[in-house]
Every structure is written in C-alpha cells, then in structure tokens.
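Down below is the structure, laid out as structure tokens.
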Amino acid sequence: MKKIVILISGRGSNMQAVVEACVNQKWPAQIAAVISNKTDASGLEYAASKGIQTAVVVSKEFSQREAFDAALQQKIDEFSPDIVVLAGFMRILTPAFVKHYAGRMLNIHPSLLPSFVGLATHRQALDAGVKLHGATVHFVTAELDHGPIVAQAAVPVHNDDTENSLAQRVLEQEHIIYPRAVRQFVEGKISIVGNIVRFND
Ligand code: GAR
C-alpha cells in the first residue's frame with residue numbers, strides 16, 4: 001500500500017479528484033494526509049469529511065522560506081509518504097525541500113509547459129493569442145514549473161473566452177489527467193530517464 005500526501009492552499013478540487021479516484025478505483029494506495037499552508041483552505045473540510053488526516057503548517061507565520069519548508073517537510077514525513085502530490089499548492093519551494101522529495105513529488109500546472117510558467121497562466125495564454133492551452137502534470141525540480149512531464153491535456157481557446165471560462169475548461173482536464181498520473185506512479189508504471197518520463201506497462 002503506497003502512501004500519498006497531498007498539499008493544498010485552497011479549494012482543493014484536484015485533491016478531491018485524486019481522493020475520489022484512489023477510493024473508487026481501489027488503487028494500491030491510501031491518502032495518508034492532506035496538508036495546507038493556510039488555515040482557511042476550504043479543501044481541508046472535504047478531506048476531513050472523508051476521514052483523511054489533515055494538518056496545517058501556516059506559511060505566514062514563518063519569515064524565512066527555508067524555515068517554513070523545513071517545518072512542512074517534518075510534518076509531511078510524519079506520514080512517511082511514497083509520493084507527495086501538489087494540488088494547487090501555491091508556494092515556491094526551496095532547493096533542499098525539492099531535493100528531499102526528488103522523483104516522488106508531482107505538481108499540476110495550468111498551462112501546456114514549457115509555456116506560461118508562474119501565475120495567471122490563463123491571462124498569459126489569452127494575451128499570447130494561443131489557440132491551444134491546457135494543463136501539465138510534472139515532477140517537481142528546483143526550477144519553477146519545470147521538471148519531467150508526465151501528462152498533458154490541451155483545450156481549444158475560443159474567441160470569446162475570459163480567464164474564467166478558459167480556467168474552467170482547463171480545470172476539467174486537470175481532474176482527468178492528475179488522478180491518472182498519480183495512479184501510474186503508485187502502480188510503479190513511471191520511470192524518469194534524464195528529463196524524460198517513460199511508462200512501463
Ligand atoms: C489549479 O488550476 C492548479 O492547476 C493551479 O491552481 C489551481 C488549484 O485549484 N496550480 C497552480 O497554479 C500551481 N502553480 P484546486 O485547488 O481546485 O485544485
């Protein structure tokens with residue numbers, strides 16, 4: 001039984017998609033904990049309602065990024081996870097933290113990487129005039145929104161799209177590709193060769 005720890009900062013709809021898939025599809029895994037850096041992250045209520053352990057390490061109580069990441073790492077490691085899943089966890093991570101979870105920490109980013117790193121990705125896509133946009137699941141490395149790509153989904157950009165309408169279309173795809181990628185990881189079907197993810201069936 002693999003142990004999954006999920007980190008959130010807000011509503012946690014991707015966390016919810018992973019939890020539901022894990023339970024409904026009977027993965028060889030359990031959600032060991034959902035941890036937030038904000039006390040008011042609404043996703044915490046959903047996790048608790050499913051009987052999942054929750055914890056909060058309040059990022060604004062730390063003036064140093066390294067100190068917060070060290071406290072977070074300590075909390076995460078209490079659950080001995082095989083995989084750490086970032087699901088709308090809105091923090092830039094320190095190199096030491098990333099190194100500690102190298103090869104076992106996934107993130108979902110709302111763009112077709114390597115395009116549109118950072119924040120406001122839907123605004124960036126509209127401003128660039130791209131006709132395809134989407135989401136990417138990738139392993140976390142020290143460089144922000146880089147790292148070996150596990151999965152991507154593309155959606156069309158319509159002439160009358162707003163940031164909200166585009167975000168909604170992308171989010172629907174996130175909820176499909178993220179659980180699938182986490183499942184492939186816990187079933188041991190993913191290996192990383194250099195910067196490339198390979199799938200072994
Ligand atoms: C998702 O769209 C996710 O891709 C994005 O935040 C949203 C969280 O929604 N993540 C990032 O931008 C990370 N840089 P959720 O809390 O409902 O899963």
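Every residue, even glycine, has its Cβ placed from backbone N, Cα and C.
Listed features, source TrEMBL:
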DOMAIN    2-182  domain 'Formyl transferase N-terminal'
BINDING   G12, S13, N14  N(1)-(5-phospho-beta-D-ribosyl)glycinamide binding site
BINDING   R65, M90, R91, I92, L93, N107  (6R)-10-formyltetrahydrofolate binding site
ACT_SITE  H109  active site, proton donor
SITE      D145  site 'Raises pKa of active site His'
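Under the DSSP three-state reduction, N107 ((6R)-10-formyltetrahydrofolate binding site) is assigned to strand. Around the Cβ of S13 (N(1)-(5-phospho-beta-D-ribosyl)glycinamide binding site), the number of neighbouring Cβ atoms within 10 Å comes to 18. A distance of 8 Å separates the Cα atom of N107 ((6R)-10-formyltetrahydrofolate binding site) from that of D145 (site 'Raises pKa of active site His').
Here the domain 'Formyl transferase N-terminal' (2-182) returns a mean pLDDT of 98 for the predicted model. Proximity to ligand 1 at the level of Cβ atoms, with a cut-off under 6 angstroms, picks out S13 from the binding-site residues S13, R65, R91, I92, L93. The highest number of surrounding Cβ atoms within 10 Å, among the binding-site residues N14, N107, is found at N14. Rounded to a whole number, the C-alpha distance linking G12 (N(1)-(5-phospho-beta-D-ribosyl)glycinamide binding site) with R91 ((6R)-10-formyltetrahydrofolate binding site) is 14 angstrom. When the binding-site residues M90, I92 are compared by the number of other C-beta atoms lying within 10 angstroms of their own C-beta, I92 comes out lowest.
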